[in-house]
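*Asks:* In case it's useful when we look at the structure, here is the feature table from TrEMBL:
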- 102-594: domain 'Amino acid permease/ SLC12A' (DOMAIN)
- 603-1005: domain 'SLC12A transporter C-terminal' (DOMAIN)
- 99-119: transmembrane segment (TRANSMEM)
- 125-149: transmembrane segment (TRANSMEM)
- 161-184: transmembrane segment (TRANSMEM)
- 221-240: transmembrane segment (TRANSMEM)
- 247-265: transmembrane segment (TRANSMEM)
- 303-325: transmembrane segment (TRANSMEM)
- 337-356: transmembrane segment (TRANSMEM)
- 404-422: transmembrane segment (TRANSMEM)
- 454-471: transmembrane segment (TRANSMEM)
- 483-504: transmembrane segment (TRANSMEM)
- 516-549: transmembrane segment (TRANSMEM)
């Protein structure tokens, strides 16, 4: 086999080894041991590695060899690495127990556990209290399942809920929800701090101590000092926060044990019995099993109001996700730690409900003397101060050692406050790094080796301190709950949306979720928002909406692969497929334009005119043809420049580029291949080739053949001519090598169909300021029709160009300005399906052309039938519902043209006549024969006569639109046809020649 391959000249394959060995002889003739070659020495290919798939902004990111390096041997495809992000927080990363389990547990074990569970049981009873806990656990569990699915679908960085939602639904939703979530956490920290202050004031009051008044002022002083200490602990480093968290957890667990022991011990004295603690017994269970809603907290309580109060305690399930950037392995830590924390805390709440409901009466007088006759429970005609209804310190009463419950309450409130204070700066830092809201960028700057956002800590302290100074947060407590519920709703919706759209990137390792359950939970969270407080719910929705639309208005330049992008793709694909199955109807006709403008920056006026017609309601494609092959880098520059141009001018347009083709072949390719399904161009718009008389005959024929290519594909044609031309000459590429993109004209790299007067094109300041170094093809002779290479390099900044003239800038923006009052003259000469009439009507409806009225000019056959024809045309226009200011019936188009007009035409056609043409020995398509002139004399006279009528009626119009003469295939030559267009449009205002494909584009039927 190997011998046969060698005979054929094919080298045998190398041995299938990753390492090759070579042996050689030294100077003494002895054999040297083989030398091994590494794979890196044998090939440029890179082995698969994790660093190749990291975000390019990551410090550990490594770029694999580009396609250009492997295929072409150059690095044109290589892009410079963006500025790398901060390496992250330098402190020790947390595991799932300390980072998630303890954080979530301490958040759920808030002040509710020791102060409000007894009140919930008193109002709702044991049965409904368990239902409330179960429903809250259901909400938290489903939300955690959704959170776990998102968290395991890729690497989670710092930013918590903001990072998760923004990377799933985009920056608009993520930033708005992230900001209100940060605010909610800050206020929640203030609320827990005030809860700590109130408990401490209560303890000091029992001991006879106070700072000022044992009330609001004391809470402000203690709260301020507490916030400062907590912020310092968080800012100094995660190590200290871990120590404090561990201490708080031990105290809370000790308090829970203290309470359980006290309940099973039973009352230790008669005072406890008088205050309602009678010990566990079935009679108390029977009394407390049912609901007993009554007036409390300023309102008549019911199931939903009690649920709203209890639900505030379980708004901490996201505590682990909030510090995702500080976790060792957030993908596994968040699901495991959060779910286990919910299980533990909910079981503890169930235990507390059963214990307090079975051992504490709902009301008691606290009078020991009434124990003997049993009247200490009779509060029907008096106000009692003890019992589940009235006393928030029931836990202290029932515990083995009351002061330990105070310590547990302190630990619960401080741990929750500290966790909230720790998460807010992380969210602010992530928002600042992404630059979504300008005002937050300054606060997100990291400092020190650990990269702590100290400015964000100061901002968090100031906001939290402001609410601590208020010292009464009952009025906005429901707002905070609504903010949390809004975040839960978005978390669930993120999971549903990603699972429903199913982008290829949706591959979560946590599969214990259901997209429909996540959707149901989304609606449940929204319903709960309005049930808790509909006014605060409206405020929450309004705040999120304002923040959302602010981000939409700013349009941040970020791309995170959100599921909304996948949804856009799916929706678009489905819509295009559905559209393809719908039959075409004239009432739904839309002008879908392919504008041959080259790079749109070279002819902004031409693209603006096309956009004037489509204006976000139909397809607009900007076509570009390059006669020479372009590198991948050059193509990307052209495409990105065009996309930026469309974005800056707020155009809904697409850019299509073909290279290594002639102008005609490239245009034919664009006509046949552009678009998809029914979204394909039906109009070809191009600029008039005003320098055609100076070009080579081949170029004139090439331009003329483009018209035939369009008509062969049954595409309508529109040609626009401007007095000042359409070119700005601004090319998207700078000269980077010996052969670079030339100045954008018909002889250069990109297709040029937009020149007007040839005398203005080569020397136009608007062109010279953007001209580029070029390399002409050697076999094309210089001379008439070929511009010399420009020598100055492109200047992309117009304002810095010394040669910019006001007239050039005005020319580029002519179709973006508001037009003066005037007329749009429509010369509807022949019935092409109505396109000649439809396009100017569309233009007249645009705001900037509102002052231009339509004037209709049309031909008649016989003078004696003028009135009948005029009435018929007026009736037709009325049925078309076309608003016009004047209708003129042209009857003298058949008269002979004036001798001056004839002389002008002769001057135009003379260089292309058979006897004067230097190409007389070539193909006859390059010149006009005498026989052709004789055969087409009638049509030629008609064009000259139309010129005279145009000069008479329309030379002062804002725009002239005329039915373009039909270039009969094989009948009329390119020079003669171009002479017709020249005689019609020369020295006229903006002139649009239109020719439909003989299919109706306008109808008068309903």
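Cβ atoms here come from the backbone N, Cα and C positions, even for glycine.
Show me how these features fit into the structure around them.
*Replies:* Mean pLDDT across the domain 'SLC12A transporter C-terminal' (603-1005) comes to 79 in this model.
Sequence-distant neighbours of the transmembrane segment (125-149) (same chain, 6+ residues past either end, Cβ-Cβ under 8 Å): 164, 285, 288-292, 303, 306-307, 310-311, 314, 317-318, 321, 334-335, 338-339, 342, 346, 349-350, 353-354, 357-358, 488, 491-492, 494-496, 498-499, 508, 510-514, 517-518, 521, 524-525, 528.
Sequence-remote contacts of a segment are chain residues at least 6 beyond its ends whose Cβ falls under 8 Å from one of its Cβ atoms, and for the transmembrane segment (161-184) they are 147, 150-151, 154, 318, 321-322, 324, 423-424, 427-428, 430-431, 434, 436-437, 440, 463, 480, 483-484, 486-487, 490-491, 493-494, 497-498, 540, 543-545, 547-548, 550-552, 556, 558, 560-565.
Sequence-remote contacts of a segment are chain residues at least 6 beyond its ends whose Cβ falls under 8 Å from one of its Cβ atoms, and for the transmembrane segment (221-240) they are 89, 91-92, 94, 189-190, 193-194, 196-197, 200-201, 211-212, 326, 414, 417-418, 421-422, 425, 450, 452, 454, 457, 460-461, 464-465, 468-469, 471.
Sequence-distant neighbours of the transmembrane segment (303-325) (same chain, 6+ residues past either end, Cβ-Cβ under 8 Å): 88-89, 94, 99-101, 103-104, 106-108, 110-113, 116, 120, 123-124, 128, 132-133, 135-137, 139-140, 143-144, 147, 151, 156-161, 163-164, 185, 188, 291, 293, 297, 333-334, 337-338, 341-342, 345, 416, 419, 422-423, 426-427, 430, 477-478, 480-481, 484-485, 487, 491, 528, 531-533.
Cβ atoms under 8 Å from those of the transmembrane segment (404-422) belong to residues 103, 106-107, 109-111, 113-115, 185-186, 188-190, 192-193, 195-196, 199-200, 203, 226-227, 230-231, 233-234, 241, 244-245, 247-249, 251-252, 254-256, 258-259, 316, 319, 322-323, 395-396, 460-461, 464 of the same chain, restricted to positions at least 6 beyond its ends.
Packing against the transmembrane segment (454-471) from elsewhere in the chain are residues 183, 186-187, 189-191, 193-194, 216, 219-220, 223-224, 227-228, 231, 234-235, 421, 424-426, 428-429, 432, 442-445, 447-448: each is 6 or more residues past its ends and has a CB under 8 Å from a CB in it.
Note on the transmembrane segment (483-504): residues 139, 142-143, 145-147, 149-150, 153, 161, 164-165, 168-169, 173, 177, 180-181, 183-184, 315, 318, 513, 515-516, 518-519, 521-522, 525-526, 528-529, 532, 540-541, 544, 561, 563-564, 566-567, 570 of its chain, located 6 or more positions outside it, place their CB under 8 angstroms from a CB of the stretch.
Beyond the transmembrane segment (516-549), the same-chain residues lying 6 or more positions past its ends with a Cβ under 8 Å from any Cβ of the stretch are 139, 142-143, 145-146, 172-173, 175-177, 179-180, 304, 308, 311, 476, 478-479, 481-483, 485-486, 488-490, 492-493, 495-496, 499.
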*Asks:* Using a Cβ cut-off of under 8 Å, list the residues of the same chain at least 6 residues beyond the transmembrane segment (247-265) that approach it.
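*Replies:* Long-range Cβ neighbours of the transmembrane segment (247-265): 102, 105-106, 109, 113-114, 279-280, 348, 351-352, 355-356, 359, 395, 398-401, 404-405, 407-412, 414-415, 418.
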